Amino acid sequence: MATLVQTGKAKQLTLLGFFAITASMVMAVYEYPTFATSGFSLVFFLLLGGILWFIPVGLCAAEMATVDGWEEGGVFAWVSNTLGPRWGFAAISFGYLQIAIGFIPMLYFVLGALSYILKWPALNEDPITKTIAALIILWALALTQFGGTKYTARIAKVGFFAGILLPAFILIALAAIYLHSGAPVAIEMDSKTFFPDFSKVGTLVVFVAFILSYMGVEASATHVNEMSNPGRDYPLAMLLLMVAAICLSSVGGLSIAMVIPGNEINLSAGVMQTFTVLMSHVAPEIEWTVRVISALLLLGVLAEIASWIVGPSRGMYVTAQKNLLPAAFAKMNKNGVPVTLVISQLVITSIALIILTNTGGGNNMSFLIALALTVVIYLCAYFMLFIGYIVLVLKHPDLKRTFNIPGGKGVKLVVAIVGLLTSIMAFIVSFLPPDNIQGDSTDMYVELLVVSFLVVLALPFILYAVHDRKGKANTGVTLEPINSQNAPKGHFFLHPRARSPHYIVMNDKKH
């Protein structure tokens, strides 16, 4: 039967060291156009999400990750130990399923970049063309990963620097030159526009995109066990991450909002739209470089998608190891890839992609539904995380843990309740149609989102109810937790949501 090897961890991770291995989550270039649709109030939304949601998630997850015996297994272990195995299975399943849907807006971004490079608008506008191209890209990337993940982290590292970091800094630099030149700005930036118009509920829907940009921090919480002084350094690391996310996302989103009017922003190709306008203003003689930058962005997001294909399935593998999934899901190929889990996830992505692209028109509505669906699925896992933490505080205060939220029981409960209420607010708002979706499309938006969500919501509970868990999945596989000392090169350039939490050891070979 598969086993989990406990590994000793040197307590030598500093504040800056923890920040460095988590910082990849603050770069979300493909979300900048969505941020930009809220104008200057995007800064308000980033602050709101950071203070009321990101910090509570990080603090609650860190305390749960340092409870004796809970150090490995992530949200599955935390929720299982507080709410029971059914809910633990559901929580990790929602993390697995949100990745399946989260691939869709990333693929839309890829197609937006390709349409600019190839000068082929149908690739970003025609639903059938868009569907076929996205499916080809998705499964082609998957095939590259079935051969093993030996080079995945290195590819992610190159993609992060060349395809995400470099274009982001070029975007910001061009926007600064544009602003300094006195060119017209598409938004007003003052105290009045800092706050969104709360009388228009549709303007608040964009908040889900900001919550999505903060999601995944709980995946790095296990590394708190490696910190030399977690009580002092971890809260500071969370603040640094929040400040970095707010600064980078604000500047990136505003770079687009200043140049492209909100009602003209294409959510899939908005970054390329902006580069075109900026380059034609700053250096029209080298406007051809927009296609080069688009190619860099394309490669960056392709590398990101490729690196996300196997990691979450390896995380889900722990449930197959505990026989919470049928034995077929515990099967590995010779390269240490849980093929059944990976293929199942990609089938879900493909079905959702076909439905959303062709019923949503393949335009901004498809992008927004995919984004909102990703968020509401993932929020279900966070509901359980916060409720599990409240149970831990109220019923198990005696359990030893390395990190405690400072301030005692009252502060702990306030932090968890604030995070839970913010999650509930984001969940409700997600089902409201945005302002840029009008007429009959609003009904279609809500219907597609609600039906899709209910189907995904039911999957883990149906599977748990019908599967006979009496047998044992005999896989001959050992799981070795990954930490800051034994991680493969480039591992920490992956977004925390996409990282495999452990090595797969088969026949004395580590994958």
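Easy rule for this one: first residue shown is 1, then count along the chain.
In case you wondered, yes, glycine gets a Cβ from its N, Cα and C as well.
Topological domains recorded in Swiss-Prot put Thr14 on the same membrane side as Leu325.
Sequence-distant contacts of the transmembrane segment (128-148) (same chain, six or more residues past either end, CB-CB distance under 8 Å): 103-104, 107-108, 110-111, 114, 122, 302, 305-306, 309-310, 333, 335-337, 339, 342-343, 346, 349-350, 353-354, 357-358, 362, 511. Highest Cβ contact count with the transmembrane segment (413-433) among the listed stretches 15-35, 42-62, 94-114, 158-178, 292-312 falls to 42-62 (criterion: pairs under 8 Å).
Using the rule of three or more Cβ pairs under 8 Å, pairs at least 6 apart in sequence, the transmembrane segment (336-356) is not in contact with the transmembrane segment (201-221). Counting only same-chain residues 6+ beyond the ends of the transmembrane segment (367-387), those with a CB under 8 A from a CB of the stretch are 34, 56-57, 60-61, 64, 75, 78-79, 82-83, 87, 90-92, 94-95, 97-98, 101-102, 104-105, 108, 205, 208-209, 211-212, 215, 218, 267-268, 352, 356, 360, 416-417, 419-420, 423-424, 426-427, 430-431, 434, 437, 445, 448-449, 452-453, 456-457.
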